Amino acid sequence: MPAQLRLLIEVVARACKLISHTVGKGALDNLLGQLDIENVQGEIQKKLDVISNDILLEANEWGGHLAALASEEMETIHLIPHRYPKGEYQLVYDPIDGSSNIDVNGIVGTIFSVLRAPEEASGREVTEQDFLQLGRNQVAAGYAIYGPQTVLVLTVGTGVFGVTLDREMGSWMLTHERMSIPVSTREFAINMSNARHWAPPVQRYINECLVGQTGPRGVDFNMRWMASMVGDVHSNLTRGGVFLYPWDARHTDRAGKLRLMYEANPIGMLVEQAGGAATDGLRRILDITPTGLHQRVGVILGSREEVERITCYHREDTASTG
Ligand code: FBP
């Protein structure tokens, strides 16, 4: 692994350790609740969104491994200041995924994606355009999950592994080697309260799961919804499952709720590296050309057989409706 990439991953892991510690303090350090400010997506920022964003920013700025960073919580990219050495990578992250869980002591996580700065940017400052690369060009991706245990799950394109934070020792221990998603599953994760707004292929799939043994699938399904993609995806990576946050009819102006660059792409890479699949219903997530840093996308990912089935339902629907 290139030295700068190794350093970058070590720095991100160290920042995640600090975020884990900070999340664990909660009300003890007056860290719950929201601020009276909105991020670029018009969402009210929680205190921990802002603090975690700054932790990642400050940890990564000066090490000489990055050319620039981008985050869910920042409108545009952050260039490495001239006083620090510049590196060849670009980091994109969601500092706290599952923000609505913060105040209820539920699962939250940090998601990150690593891109290489384009060669043509070597003699100049990188631009936002330089970040708009296909997900399949990511050189590394990962998440940290802050639950009963803090686990960092990582890929550099040669499989997926996880390390658990030993809180007493303050060190990461390799605990999950070669993580893989079972090809088949009988478990789905979706926010059922949005059911009436989904497109017909998603309604068809979930209805078939819900009727269980008596329906066309002939088996009963189980459901999970943790309100944190990191939580649901960690479950997929541990025991299989399919996760959906699809387009819905309330927001005709946007392709989905989740963000391509710092949610769907890194998780898509991890899921594929673990033997699963990730699409937006029709296209492989990692093949979607980004048009903006905060672009949204429909997301269907996890156990390959189920993702292929749902994608097939979308294709059939598109073919029948033109
Ligand atoms: P944030 O980045 O604002 O946390 O939103 C992402 C997310 O929390 C996902 O992690 C999760 O799957 C989803 O939103 C939960 O949405 P809902 O509010 O519909 O349960």
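Cβ coordinates are placed from backbone N, Cα and C, and glycine is handled just like the others.
Look at TrEMBL and you will find 4-177 tagged as domain 'Fructose-1-6-bisphosphatase class I N-terminal'. The average per-residue pLDDT of the prediction over the domain 'Fructose-1-6-bisphosphatase class I N-terminal' (4-177) is 93, rounded to a whole number.
Residues annotated as Mg(2+) 1 binding site in TrEMBL: Glu72, Asp94, Ile96. Reduced to three states, the DSSP call for Asp94 (Mg(2+) 1 binding site) is strand. Contacts of Asp94 (Mg(2+) 1 binding site) defined by a Cβ separation under 8 A and a same-chain sequence distance of 6+ are given as Ser71, Glu72, Thr110, Ile111, Phe112, Arg259, Tyr262, Glu263, in order along the sequence.
The feature Mg(2+) 2 binding site is assigned by TrEMBL to Asp94, Asp97, Glu263. Close to Asp97 (Mg(2+) 2 binding site) in the fold, though at least 6 residues off in sequence, lie Val108, Gly109, Thr110, Ile111, Tyr143, Ser228, Met229, Val230, Glu263, each with a CB less than 8 Å from its CB.
Long-range C-beta contacts of Lys257 (substrate binding site), restricted to its own chain and to partners at least six residues apart, with a cutoff below 8 Å, comprise Tyr245, His251, Arg296. If you look up TrEMBL, you'll see Asp97, Gly98, Ser99, Ser100, Asn191, Lys257 marked as substrate binding site.
Under the heading domain 'Fructose-1-6-bisphosphatase class 1 C-terminal', TrEMBL lists 181-314.
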Given the substrate site Asp97, Gly98, Ser99, Ser100, Asn191, Lys257, its other Cβ neighbours within 8 Å of the Cβ centroid, in chain order, are Asn101, Ala227, Ser228, Met229
Quick one: among the binding-site residues Ser99, Ser100, Asn191, which has the most Cβ atoms sitting within 10 Å of its own Cβ?
Ser99
Could you state the whole-number distance in Å separating the C-alpha atoms of Asn191 (substrate binding site) and Ile96 (Mg(2+) 1 binding site)?
19
If you count Cβ atoms within 10 Å of each one, which of the binding-site residues Glu72, Glu263 comes out on top?
Glu263
Using DSSP, tally how many residues of the domain 'Fructose-1-6-bisphosphatase class 1 C-terminal' (181-314) sit in helix, strand and coil.
60 helix, 24 strand, 50 coil
